[in-house]
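The annotation ATP binding site is assigned in Swiss-Prot to 698, 699, 700, 701, 702, 703, 704, 705. The feature domain 'HNH' is assigned by Swiss-Prot to 905-951.
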């Protein structure tokens with residue numbers, strides 16, 4: 001093996017032990033990046049099912065087959081693998097310029113990309129190469145819609161977890177401790193962040209096997225590790241033989257996103273030293289702030305900083321201080337319990353349609369989209385902040401309706417949060433912010449300035465942001481040639497300092513070369529264009545002449561007596577030769593030196609001025625980003641409100657000091673159902689939960705779960721500061737929203753449906769108070785009827801005593817006879833026709849409704865009359881007597897014609913009380929009763945409409961046939977308007 005492959009595979013071995021199994025190593029060979037693989041070598045990666053990893057290593061079966069990384073990458077990028085012989089290296093690659101294109105694809109699939117570049121030296125001999133960049137899913141500055149975070153967890157020996165969330169893209173970090181017993185609370189926080197890598201730190205004294213399984217179980221509970229037993233997980237090859245100090249895993253989580261897990265057994269002992277902690281963190285954050293921070297938090301933070309530094313030291317420079325908390329739960333938030341965000345479909349499942357966030361997201365900027373998601377997943381209880389958010393939406397709604405504002409400025413603003421972070425890194429290191437990024441920043445500032453100008457007289461904005469932003473724009477325009485930022489780097493600086501003098505010298509030498517070229521061209525070819533003075537990347541300044549004319553020029557120069565007149569051919573470009581001479585070469589050297597001076601001056605000035613501007617205006621950046629995000633979210637809320645006819649919630653104050661949660665809504669709708677289910681009308685409901693809870697009964701499929709979700713989703717919207725899907729909505733904010741809507745077994749914990757129900761019920765009982773909202777669907781349906789009814793009755797009693805707002809759905813009608821406390825009973829109406837067909841009316845009506853209906857629903861789904869009758873027979877045996885209330889309401893037939901049912905009024909839709917003859921009996925004296933009582937002469941009506949008919953206020957014209965159905969035509973006698981109904 002020659003030197004380059006040997007260097008490549010030695011580096012690969014080193015990087016594998018440092019960065020884990022997910023390494024993809026790209027080496028620059030000329031103008032290409034290549035990935036190599038040695039054939040017939042054992043893979044360092046192994047793969048196991050989730051179930052295999054969770055058992056002891058001694059009883060694990062054989063590992064699963066692992067596809068070599070080069071094959072995975074080739075398939076991912078749709079490229080070919082080549083080999084020059086049977087035992088030759090397997091190779092694949094792509095042009096250097098396309099690295100950025102492929103990088104995001106590789107990072108998205110959980111790969112860590114190592115880039116080995118050729119070094120630029122003036123030495124002859126073999127080219128030198130070295131690692132230039134390390135990109136990992138959470139340690140990169142590539143553009144992406146969501147900020148990637150790395151989660152760092154320190155397992156202390158006293159069962160306290162130190163948690164750090166860190167984003168390299170914008171420098172944001174959060175640290176907080178959590179006890180092992182409260183670990184489930186962390187799930188509520190993590191859902192707001194896009195975690196791509198997890199780093200676990202533990203003391204070397206803990207039992208490794210027990211710790212590893214503890215980590216698996218913790219991450220499964222946080223939805224950061226596959227919960228399916230058959231899920232495939234790639235792991236380091238050493239995991240079977242022993243437990244080393246470092247373990248690495250790559251896998252897809254339950255949301256089908258690729259994650260990397262790194263486990264370090266044994267931490268740096270210096271991290272425990274308080275002097276080291278103080279010195280290191282104050283050096284990074286330019287501040288001393290470690291006195292009141294939990295020790296476990298500091299170790300977790302030091303760990304993640306070391307993790308980031310190992311991949312890119314620049315990413316930990318110029319950081320803002322972390323947000324430090326003593327608890328994972330904020331008292332100012334509405335806490336979503338029992339994973340309410342999933343049960344209420346706040347987020348879309350990966351690869352599937354739906355999700356409330358997708359429905360209401362009309363943000364134009366990446367910053368706004370992130371803030372909208374954060375607000376939706378972290379509703380608040382603060383009255384003043386909520387009213388401010390409602391007011392912002394109201395203002396934008398007015399501006400949109402008046403057509404004096406749109407989102408044109410916001411659409412042109414780039415992700416300033418990420419761009420400012422890149423600027424901060426460059427201001428504190430030797431790296432240079434690309435002019436392209438500066439151009440994005442500058443133009444984003446211009447559009448932000450226009451946005452501020454448009455809104456200054458309409459909405460309250462931070463007073464200093466506008467003036468400071470204008471000042472910064474002027475500074476950028478004074479220093480940089482903003483129209484040339486996307487062009488040649490030499491042109492990005494305005495002619496300031498010594499630059500005009502250098503430009504003048506360069507222009508003089510260029511003019512001299514041009515003059516020589518024109519003189520020679522004029523003498524030899526009698527024109528001024530045959531020979532041109534040009535700059536070439538490789539040859540520098542030289543002359544260009546067509547190949548046909550070169551011979552004549554050489555002949556002329558040989559016959560002249562001018563010294564230093566020999567022509568030197570440097571190369572060829574197409575049909576032209578590049579030539580020089582000793583005299584031209586001398587001037588070319590001077591020009592090249594000048595160009596180098598200009599480049600150095602421009603680069604230094606560019607870097608220095610950007611650094612100066614950053615530290616002069618850095619305090620503007622966060623308020624500016626927050627303002628743009630806030631305006632974008634408010635505009636999105638206004639667009640949503642107009643598009644879907646949402647209303648502003650009305651926050652009401654409590655009559656007493658006890659601020660009990662409260663809802664009163666008119667025509668409340670489910671935002672998702674009314675937009676996604678277009679085949680039928682979305683039924684709205686009136687809801688009031690001020691003094692009594694609600695118990696809802698209904699047939700399966702009538703909409704109980706939809707009703708519960710509609711309440712939960714609209715409460716979250718209101719407490720996130722957005723408009724709601726209703727005609728009116730009064731609210732006193734809640735502190736807890738506890739849902740129990742999705743049921744089923746928990747295979748991971750080995751719990752059946754009833755055990756899962758009781759676990760969720762335990763949460764409900766613990767958190768039930770006057771500021772809790774409980775939404776439960778068929779609680780206690782997983783056990784036998786008597787126990788289920790008793791537990792449900794006890795639950796209702798507890799909730800009433802705790803003054804808790806609740807809406808519970810159930811099929812257990814017996815509970816009504818057990819409860820003496822004040823509860824509102826409702827049912828969702830269903831109409832059963834004579835032929836057993838069901839019509840889901842879905843209207844919320846008072847009372848528990850019919851108590852037995854399962855067989856009727858079954859008969860509607862299973863078209864088997866014999867089976868249906870058999871089920872009815874057994875139900876009668878169980879009831880011991882013919883059930884007087886065992887069936888759904890059947891509308892009675894008319895005494896005039898058994899085919900006409902007295903169901904609903906054909907004029908107004910209210911319940912019908914009678915059947916009216918369209919043509920009265922007096923007109924049919926000569927006709928038989930059969931023609932008088934034909935269906936075409938009969939119409940069911942309510943008592944009110946019947947009275948209006950006989951008072952001649954309504955005239956019925958008769959039934960008419962349309963292409964699809966029969967239609968009753970009628971008119972008010974004082975109107976000519978057709979008021980036909982089906």
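Cβ from N, Cα, C; glycine included.
A helical conformation is recorded for residue 705 (ATP binding site) in the three-state DSSP classification. Set side by side, the binding-site residues 698, 705 differ in how many other CB atoms lie within 10 angstroms of their CB, and the most is found at 698. Same-chain residues that are not part of 698, 699, 700, 701, 702, 703, 704, 705 yet have a Cβ within 8 Å of the Cβ center of the ATP site turn out to be 809, 828, 840, 842. Counting only same-chain residues at least 6 apart in sequence, those with a Cβ under 8 Å from the Cβ of residue 704 (ATP binding site) are 696, 698, 777, 778, 809, 828.
Residue environment of residue 703 (ATP binding site) contains 25 other Cβ atoms, counted within 10 Å of its Cβ in all protein chains.
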